[in-house]
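> For reference, TrEMBL lists these features for the protein:
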- A:33-55: transmembrane segment (TRANSMEM)
- A:67-85: transmembrane segment (TRANSMEM)
- A:109-140: transmembrane segment (TRANSMEM)
- A:147-165: transmembrane segment (TRANSMEM)
- A:196-214: transmembrane segment (TRANSMEM)
- A:246-271: transmembrane segment (TRANSMEM)
- A:283-303: transmembrane segment (TRANSMEM)
- A:315-335: transmembrane segment (TRANSMEM)
Amino acid sequence: MRRFLLPGIVALLALLPLLNLLPEGHPIRVSDFVVSVAGKWLCYAILALALDLAWGYAGILSLGHGAFFALGGYAIGMHLMRLIGPRGTYGHPVLPDFMVFLGYQELPWFWWGFGHFPFALLMALLVPGLLAFAVGYLAFRSRITGVYLSIITQAMTYALMLAFFRNDMGFGGNNGFTDFKELVGMPLNTPFARSVLYFAALAALVGCFLLSAAMTRTKFGRVLAAIRDAESRVRFLGYDTLRHKLFVFVLSAMMAGLAGALYVPLVGIINPGEFSPANSIEAVVWVAFGGRGTLVGAVLGAFSVNALKTWLTSFAPDLWLIVLGVLFIAVPLLMPRGLVGMLRR
Amino acid sequence: MNLRISRRAALLGLGTLPLATPAFAQGAPIKVGVLHSLSGTMAISETALRDTVLMMLEWQNSQGGIGGRRLEAVVVDPASNWPLFAEKARELLQVHRVDVSFGCWTSVSRKSVLPVYEELNGLLFYPVQYEGEEESRNIFYTGAAPNQQAIPAVEYLLGPDGGEAQRIVLLGTDYVYPRTTNRILRGFLNSKGITNADIMEEYTPFGHSDWQGIVARVKRFAGEGKKTAIVSTINGDANVPFYRELGNQGIKAEDIPCVAFSVGEEELAGIDTRPLVGHLAAWNYFMSVDAPANRDFVGMWRNYIKNPRRVTNDPMEATLIGFKMWAQAVAKAGTTSVDAVRTAMIGQKVAAPSGYESEMKANHHLTKPVMIGEIQADGQFSIVSKTPTAIAAENWSPFIPENANRRRG
Amino acid sequence: MTGEGLYLDGVTVVFDGFRALNTLSLLVAPGELRAVIGPNGAGKTTMMDVITGKTRPVSGIARFDGHDLTRMEESVIANLGIGRKFQKPTVFDALTVFENLELALKAPRGPVACLRWRLSGAARSAIERTAEQVGLAERASDPAGRLSHGQRQWLEIGMLLMQDPKLVLVDEPVAGMTDHETAETARLLVGIAGERSVVVVEHDLDFVRALGCRVTVLHEGTMLSEGSIDHVQADPRVVEVYLGR
Amino acid sequence: MNRLIRWLLLLLLLAALPARAQDFDALVSGLAGGFAQQAEAVERLGSLGDPRALPLLRALSESRLMRAEGGGVRVAPNGATPSGPEVIRINNRVRVALRGALGRLQLVSPDPAERLVAADGLLRARSAEDIPLLETALARESVPRIRDRMDLALGAARLGSSDPAVRREGVAALGATASPEARAVLLSALGTDEELAPAVDAAVAAIDRRLALRHAAETAFQGLSLGSVLLLAALGLAVTFGVMGVINMAHGEFVMLGAYTTVVVQEALRASPTLAPWSLPLAIPAAFLVTAAVGAAMERGLIRHLYGRPLETLLLTFGVGMVLQQVVRLVFGAQNREVISPPWMQGTLALPFDVTVTQNRAWIILFSLAVLACTFAAMRLTRFGLEMRAVVQNRRIAATMGIRTGRVDALTFAFGSGIAGLAGVALSQIDNVSPNLGTGYIIDSFMVVVFGGVGSLLGTLIGAFTLGVMNKLLEPWAGAVLAKVAVLVGIMLFIQRRPKGLFALKGRAAES
């Protein structure tokens, strides 16, 4: 029975955009809205998976994963901006509108290459990866663990948020990037494009899930669990825990970057608000809610908390923060092993 | 009350209910979406606008709705989160099938929902002053464009009543509205013979609370022997600490007057305004306007919100104008269909609380009067200057050279 | 057996002005079994920390087979062939007994190597042999978290064996053990020595006697006396600071 | 007697001026005209020197002048706040004119405060006509502060003279000061007077040299002020996080609760004339108690179940923060709440060497140090502090010695939360009182604690002030945002080198 559970869920999820093709008014038709929201949740699920890999498996509680997510999003966003080309308000062949506007004469060097999709996709993985490498190397080398690491990573995403809010950075400041036109030749803002992006996100989620599952089943996965439970003991066994932690942290950051890269074309906007520390903490709550240390839990958590949030922000616009806050309080107290832990019991 | 409405909305929001009911059946309620943040950083400004829309809705229903159809609000909370704005916009249009939406504050939220409204051919009323440089067939802009606020205000500063300023400090929060406005103002100032050496421009992040250094630098800049004035595009939250610092460092309006474009009655409600008397704000409406339409508006608001001390402000007035115009346009078109309403909107006129008549022009912007107010000790503004007539919006500013090769259309 | 074994000379460690080790010198030959005793705060655990790289001395030499231990990371030292068993048994509760032993098994330690690691038949039988040796063969697939205190001590010793170290450091192995378990442990440690050096830190003099080896007595971070158990027990200085109390 | 001489002097001065008393009534009715007309009338009334003008002009500047029926004006009694369309409104242009006119009329007032204001007004008016007036007043003035001001005003007035020798005298007088106003006056003269340019340049340079020190002192003050805010925000965390190891993400919301308590106390006392001026000091214990109570409830009800699981605590307290924020928003509304600053916290304070600092910030620096001292005393000198430290060092042994560890935990957490409430009282004086108040401070506070060294109050103190001063030093040439980013990155790098912060606990205890 359990063997078919996951493939069954994936098949159901894959069916969703197809139900959107049914004629309006059909009893089982799902609306565009549901497809686009579900696509967003898929991206969040990848982010949750990435976070779970670092936190649930290796005990690295990053409160800065939102930053990796946002950087991935910005990389793709830059590509999408380049693709607008002369269709922008000011009709400049190369420069995006906001640059024309701030009086840029030419494209800043860090925008070079983003006209090419493969390059942008590469950067969406590499930039978060490199940042994770730098921060992780410095932190793990100095044996910064636990809540200290959480605070450091939180400061990292906060500093990035402040920096990206600056218009002088060349990333569009508070407005970020929006009004995208197309991606790989496909016009965005159509139900078709959203379905395609939905499938891409689903494929990425399945890929990331399988990769994570395979990885955690190897001896590497067991080393991570050992590091989580007793890091210094692992060192006395002769493992250079710095390298293991760095490996999983960088991988996790790249996964988060991929999630961000898929997210931006789906929601149609990226701006520095994505770096806000609260976003990263929220992602941690998804994982905790679903059940950390289990991949299914992370995915389930991302879906359920976000579904709740989408529903509550319409159902009880004045009270939803309280409901969600109470949920955050209740999870560590009443269900420390999350949804999955509860279901298994 | 609004909770009850939204509960019904929420049932639909599940997305599981098939939406078989045709939304435009005769006598079915007209749905009005409200897309204002009720939590997060923007809640401070936007909750009052949500209440304004609900108030107008109640009023319209008390008049028998529109064409015999009742109005029903769908309130959602985009939580000051820009991607959530886009999601909620789509939800309003596709799940709740609203006929019109009122919402957003700050350009980024509008730019986030704009592709959604264009794709799904929805109708959005945006009630806040903004930097211009935009024109969408699906949006009606009921706030001011730069020429309806910023330029007249600076003109006032340069004139005899404003103190004949020769140096200008442009202070702003680092986002697109201040950046654009200041760019336009720089062009304007240069055209008035004020060189760049006499212009200081500085930006701070959202919610900036430590103004000591900047105010001290402004003082120094002003101490170069020329009459100096501050033009502030500082956004909501940061204003209270800014004005406190201004007052505490003893900068009086007689020495360095400060004119603000984002400070209204609501913002002043959080400050002790006695040290600030004489500093200025430019809007298209002040609560202190002496006109019958305004007395009705203030009375209606205080009655609705059940608080005799609550204030009204410019974006609330803009919301009211937009709502009334939309209601008139629906009545004229005889349908809520977006294309028909859009056509009917152009040329609609409303006797606004500002005491002037506002008209919707073909560029989807309103004609508005410009008023300069001085802050008074009681937190209100004393209107020291106003244009004789409502002026039309230039959403594409002539002071931005790139607008010359803008794509039309 | 090659190399010079463990060599400490003039090692000094200072915590906040307190000299945890004060010019300590110690020589352990390859293959030797050595017991280290001393009252609380004598510096026994700090000595082990220096040898395993957890604590850096302010001065002095610590060498193993010619490698300078004071400049190495813990993991590098472990890979030189120095294994350590902690006073409080630390095994990985979330992993099974088998997996605990597998982690300790001598094999490439890098992340990529771990990802590509496949359990060979030889490795499997080595692990099973060790599980047998420490009496945990029956429980190989149980999570280590479910073991009793004594079993955890044994598992840890088993993990030490899997590392195939040249020098084994054992910190108070019999604390909290039954008499039977204590005797078993002594037999186990004597069996291990010979092939490798073993340094045992212990309070329990009966247990030390059972080991039948050379004894070093530490006091206030420095060596007080060294020799057979009978020799040190007869040393008046030792009697004064330790046994006399 | 003295008073009589003053009045005689005034009359003497008035006689020297061209008296056109017949204009007086016409001018007074001009006060009710348009802004331009008002300004003109005010200026002429000032130079007319008729003492009857003084109460009228004062009333005009205080919005007490009303349009009387039949075209004239009437004055509402002193201290009244009339309203309605008959109140004559003024604008900045009129205010500037009023300042000069009142200056002329008040320069010989018996009230020193009025004379100071008058001298200030004349300094800004800079009219050569005032030279004789100022010279006479200066000869009689005995208060040094007012003399300095009059000297300045005289220098400025001389600069407007048509006689080059007088102008030169003015430049010399202004150049001898260390005043930014004098500098501004000199610079404004530069454009109009070619001949004096070298003298002016030299005078400005001299002032600049004297001002450099002052700017440095003011920058240092700004840094200390920012540091004091950080210190207040971080102190509570230094207790809850540093001592107990509890990550309280709702700390910022506790600060916010403290600020709202201040609002509530002020509003409750508004009606009582005896207590209202003391509302801010009274808010201090109230805010401490309210937040301490919330903290104690949170510790006993929630956090206590999660000891030893810091990451879960982090999530839980984040949830508590969300709830608190939204509850406050629903109860008090999303808008900013007004907090009134008592008069002794407004305006600037002149320190030696002409360094001026803002009163409210000076008070907050003192307040933060007082709170630090109290915290230190509570932890070092009281039985509660002893028990607290005992529990931190070894919970089990403390328990066996009869210390009720649960109670100590609750009290410690309540104490840390109470300090957050105190921070809220202080922040209400410089920042918005809104539900979002706390969010802006939480990360900075954590950085201060981590930078200073967890568990060390001295570290928190030094950390807070170091970060404050660094920020302010970097700000002028990096901008506010980059300065902050640079400081954050700096801390992150610093922590790599000293993972335990500036003042780390060393030794075995810190290893575990």
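The backbone N, Cα and C atoms fix where each Cβ goes, and this holds for glycine too.
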> Counting only pairs at least 6 apart in sequence, do the transmembrane segment (A:33-55) and the transmembrane segment (A:196-214) share 3+ Cβ pairs under 8 Å?
yes
> I'm a bit unsure how to read this: which one of A:147-165, A:246-271, A:283-303 has the highest number of Cβ pairs shorter than 8 Å with the transmembrane segment (A:67-85)?
A:246-271
> Which bits of the chain, at least 6 residues beyond where the transmembrane segment (A:246-271) starts or stops, bring a Cβ under 8 A of a Cβ in it?
36, 39-40, 42-44, 46-47, 49-51, 53-54, 57-58, 60, 62, 65, 68-77, 80, 121, 124-129, 131-133, 136-137, 140, 164, 172, 174-180, 183, 188-189, 193-194, 197-198, 200-201, 204, 208, 220, 224
> State the non-local partners of the transmembrane segment (A:283-303) in its own chain: residues 6+ outside its ends, Cβ under 8 Å from one of its Cβ atoms.
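Same-chain residues near the transmembrane segment (A:283-303) but 6 or more away: 6, 41, 44-45, 47-49, 51-52, 55-57, 61, 63, 65-66, 69, 205, 209, 212-213, 216, 327-328, 331-332, 337-342.
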> Going through A:109-140, A:196-214, A:315-335 one by one, which has the most CB pairs that fall under 8 Å from the transmembrane segment (A:147-165)?
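Comparing A:109-140, A:196-214, A:315-335: A:109-140 has the most Cβ pairs near the transmembrane segment (A:147-165).
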> Same chain, outside the transmembrane segment (A:109-140) by at least 6, Cβ under 8 Å from its Cβ: which residues?
64, 67-69, 71-73, 75-76, 78-79, 81-83, 149, 152-153, 156, 170, 183-184, 241-242, 245-246, 249-254, 256-258, 260-261
